[in-house]
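**Q** Among the features that Swiss-Prot reports, active site, proton acceptor is placed at Glu326, His327. Residues or ranges marked as NAD(+) binding site by Swiss-Prot: Tyr130, Gln188, Asn211. Feature annotation from Swiss-Prot assigns substrate binding site to Ser237, Gln259, His262, His327, Asp360, Glu414, His419. Feature annotation from Swiss-Prot assigns Zn(2+) binding site to Gln259, His262, Asp360, His419.
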Amino acid sequence: MSFNTLINWNSCSPEQQRALLTRPAISASDSITRTVSDILDNVKTRGDDALREYSAKFDKTEVTALRVTPEEIAAAGARLSDELKQAMAAAVKNIETFHSAQTLPPVDVETQPGVRCQQVTRPVASVGLYIPGGSAPLFSTVLMLATPARIAGCQNVVLCSPPPIADEILYAAQLCGVQEIFNVGGAQAIAALAFGSESVPKVDKIFGPGNAFVTEAKRQVSQRLDGAAIDMPAGPSEVLVIADSGATPDFVASDLLSQAEHGPDSQVILLTPDADIARKVAEAVERQLAELPRADTARQALSASRLIVTKDLAQCVAISNQYGPEHLIIQTRNARDLVDAITSAGSVFLGDWSPESAGDYASGTNHVLPTYGYTATCSSLGLADFQKRMTVQELSKAGFSALASTIETLAAAERLTAHKNAVTLRVNALKEQA
């Protein structure tokens with residue numbers, strides 16, 4: 001189906017509607033699964049030697065020192081323009097402001113007299129950040145991951161990226177306070193972070209995007225008792241735009257293409273009650289495509305994308321909630337009026353002047369978002385992902401005495417005698433003290 005084809009939602013059967021919202025299939029092939037499993041086992045067993053061998057094999061780079069030196073980091077910064085450094089600093093300031101505001105106050109309540117319950121927050125002690133390499137290094141992801149890690153107070157922050165690591169990534173890491181950076185990429189980097197090696201320290205939780213091998217490696221280590229936790233399930237990038245008759249077609253087209261150029265498996269969807277706007281957006285997409293260096297990639301993504309005409313904006317919102325996009329852009333008049341009705345989205349962008357690029361780089365929100373429908377149960381990355389919560393309770397004698405019979409009754413009903421005895425023994429001790 002061509003992206004220029006307008007689809008009337010209400011003319012489609014329920015089966016056709018479900019098909020329109022079906023994402024491009026992602027599944028690790030058996031060969032990827034086996035290859036990744038072998039890499040994990042090899043790195044766990046052979047450590048640094050395996051990491052160097054994989055760098056030579058996959059990255060075509062001979063790596064002697066896995067850890068990047070302070071001198072190399074300083075030299076990388078010296079090669080960057082002041083303009084880029086200032087832009088990074090401005091982005092970090094906004095990211096820091098937004099994520100610092102997410103700090104939760106401690107919970108400290110008396111549930112009944114003499115029964116004090118608290119919830120306290122602690123940082124995840126050690127985190128690993130994976131940053132993909134390639135022709136377009138995602139240094140902005142360093143800012144998005146390392147900044148909340150620093151605010152959360154994570155003691156050890158370790159970054160891995162395929163060699164040779166781009167200057168932008170090294171400088172961004174230094175800017176955000178990352179001290180340990182390693183020339184390791186791919187599934188082998190995930191293995192090193194999960195299990196540790198002679199050079200790379202083992203971490204408690206791994207963050208960051210990657211290709212199919214990295215994604216599969218993260219999945220596998222998260223399911224191993226000796227592995228590590230991960231940030232969230234990963235999938236192709238996606239955007240859904242809701243537009244009304246007042247939307248600017250060129251703006252809508254640019255937002256759709258900003259996702260389509262990510263990869264051939266990306267998906268973009270336009271929902272609008274105005275068929276004329278849909279046609280104008282399709283024309284604007286074609287015009288802008290002609291000027292994009294990554295036009296071929298974007299065209300492949302558009303083949304699985306949709307222009308859907310609806311009855312009204314309320315139906316647009318209902319369809320969007322059913323789809324649960326990673327990015328939701330609302331280019332309508334009074335866009336904020338629709339926010340309360342949105343139930344599933346990774347990040348929402350309101351109005352003509354809130355392009356998705358703002359959230360990707362510098363508005364302050366995090367660009368690491370749930371995709372592939374995981375917005376139904378997962379949240380956008382935030383400070384809480386670098387923290388853990390624990391509860392504390394303290395009962396006074398009076399508080400314990402008042403609650404004792406309740407605990408004994410419940411424990412007896414569950415036939416957990418030792419639980420009941422732990423209370424009964426104390427009740428008897430209090431009676432003896434009286």
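Glycine too: its Cβ is placed from the backbone N, Cα and C atoms.
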**Q** Going by DSSP, give the three-state secondary structure for Gln259 (substrate binding site).
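**A** The residue in question, Gln259 (substrate binding site), is helix (DSSP, three-state).
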**Q** Which Cβ among the recorded positions (His262, His327, His419) has the fewest C-beta neighbours inside 10 Å?
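**A** Minimum Cβ neighbour count within 10 Å, taken over the recorded positions His262, His327, His419, occurs at His419.
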**Q** To the nearest whole angstrom, what is the C-alpha distance linking His419 (substrate binding site) and Tyr130 (NAD(+) binding site)?
**A** 45
**Q** Taking Cα atoms as reference points, rank the recorded positions Ser237, Glu326, His327, Asp360 by distance from Gln188 (NAD(+) binding site) and give the first.
**A** Ser237
**Q** If one measures from the C-alpha of Asn211 (NAD(+) binding site) to the C-alpha of His262 (substrate binding site), what distance in angstrom results, rounded to a whole number?
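**A** One finds 12 Å between the Cα atoms of these residues.
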**Q** If you measure every Cα to Cα pair among Ser237, Gln259, His262, His327, Asp360, Glu414, His419, the residues listed for substrate, what is the largest value in Å?
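**A** Roughly 56 Å, rounded to the nearest whole number.
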**Q** Please give me the binding-site residues out of Tyr130, Ser237, His262, Asp360, Glu414 that lie within 10 Å of Glu326 (active site, proton acceptor), comparing Cα atoms only.
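**A** Correct set: Ser237.
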**Q** Determine, to the nearest whole angstrom, how far the Cα atom of His262 (substrate binding site) is from the Cα atom of His327 (active site, proton acceptor).
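**A** His327 (active site, proton acceptor) has its Cα 13 Å from the Cα of His262 (substrate binding site).
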**Q** Where among the binding-site residues Gln188, Asn211, Ser237, Gln259 do you find the Cβ with the fewest other Cβ atoms within 10 Å?
**A** Asn211
**Q** Pick the one among the recorded positions Glu326, Asp360, Glu414 whose Cβ has the fewest other Cβ atoms within 10 Å in this structure.
**A** Glu414
**Q** Distance check, please: Cα of Ser237 (substrate binding site) against Cα of His327 (active site, proton acceptor), rounded to an integer number of angstrom.
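**A** Rounded to the nearest whole number, the Cα-Cα distance is 8 Å.
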**Q** Taking DSSP three-state, what's Asp360 (substrate binding site) in: helix, strand or coil?
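**A** DSSP call for Asp360 (substrate binding site): helix.
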